[in-house]
Amino acid sequence: MEAHLRPLSAAALLLSPAAPLPTAVAASARRASPGGRRWSSVRASAGGGGWLSGLLGGKGGGGAPTAMTVTPGTVKAGDPVLHEPAQDVAPGDIPSEKVQGVIDRMVAVMRKAPGVGLAAPQIGVPLKIIVLEDTQEYISYAPKKDIEAQDRRPFDLLVIINPKLKTTSKRTALFFEGCLSVDGYRALVERHLDVEVSGLDRNGRPIKVEASGWQARILQHECDHLEGTLYVDTMVPRTFRIVDNLDLPLPVGCPPIGAR
């Protein structure tokens, strides 16, 4: 989920120089075959192909980056890994170099973007892992009225493996959301205001997070990714817009922004 850094223009945010990608990050991507499931390697390196080639330019990967494909290290809407359910991480695999490397990569990509949340499928890894973090610095860029309306408060980095989410109230709210896999766009999405998420931390220990307001929204957004759902699948369609049009009036007949 993208951080809302309002003082930066959309162009400045999207066209910021990309960080060099590590040359030794490999993840497993699930593909269907007549004989059942098989696994293949998706390498996130400057010489890699597949989704990374698309990230770097045209279909063959030879073009220059565009404003719509410059969030470094993320796959984009349309890639099958974003539209299929992710798989549980075996508890015994959590200490492994592979899983810990995936987590480190996710945190680095989220912070570089910058964003406030990321799910493993967004870096091409079909595993149930999410990371999220909202800092005072990120929040300081938002208008005070938005911070209050969204009930947005800073929280430290959270890593949750195999998260299970449940709502803890019937309260909902409509606010604009963005996504690092759908660069440059926003839309209104209705979310529950109070949730509880349980799972395992990066050390394999049980973790439970009770969240409300904006943190609850981030958790729902990232957990949706693990089910193959993007925010555009649940948005109010007529509110979909480019970032530069974020402050334009809503179409007639659209539900109002805020708590329901």
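Counting starts with 1 at the first residue shown.
Keep in mind that glycine also has a Cβ here, set from the backbone N, Cα and C atoms.
According to Swiss-Prot, the active site annotation covers E222. DSSP classifies E222 (active site) as helix under the three-state reduction.
Neighbour count (other Cβ atoms within 10 Å of the Cβ, all protein chains): 27 for G117 (substrate binding site). Per Swiss-Prot, the feature substrate binding site maps to P114, G115, V116, G117, G178; the stated evidence is similarity to another entry.
Annotation for H221 (Zn(2+) binding site): same-chain Cβ neighbours under 8 Å, separated by at least 6 residues, are M1, G117, E177, C179, V189, R191, Y231. What Swiss-Prot lists as Zn(2+) binding site is C179, H221, H225, and the listing cites similarity to another entry.
Here Swiss-Prot flags 182-187 (among others) as region 'Dimerization', drawing on similarity to another entry.
Under DSSP, the residues of the region 'Dimerization' (227-245) split into helix, strand and coil as follows: 9 helix, 3 strand, 7 coil. Per Swiss-Prot, region 'Dimerization' is recorded for 227-245 (among others).
Residues annotated as transit peptide in Swiss-Prot, with sequence analysis given as evidence: 1-43.
Close to E222 (active site) in the fold, though at least 6 residues off in sequence, lie M1, G117, L118, A119, I130, V131, L132, P163, each with a CB less than 8 Å from its CB. A Cβ within 8 Å of the Cβ centre of C179, H221, H225, the residues given for Zn(2+), is found for these other residues of the same chain: M1, G117, A119, Q122, E177, L180, S181, E222, D224, L230, Y231. Across the region 'Dimerization' (182-187), DSSP assigns 0 helix, 3 strand, 3 coil. Residues M1, E2, A3, M110, A113, L118, Y138, L180, I218 surround the recorded substrate site, their Cβ atoms falling within 8 Å of the Cβ centroid of P114, G115, V116, G117, G178, which are themselves excluded.
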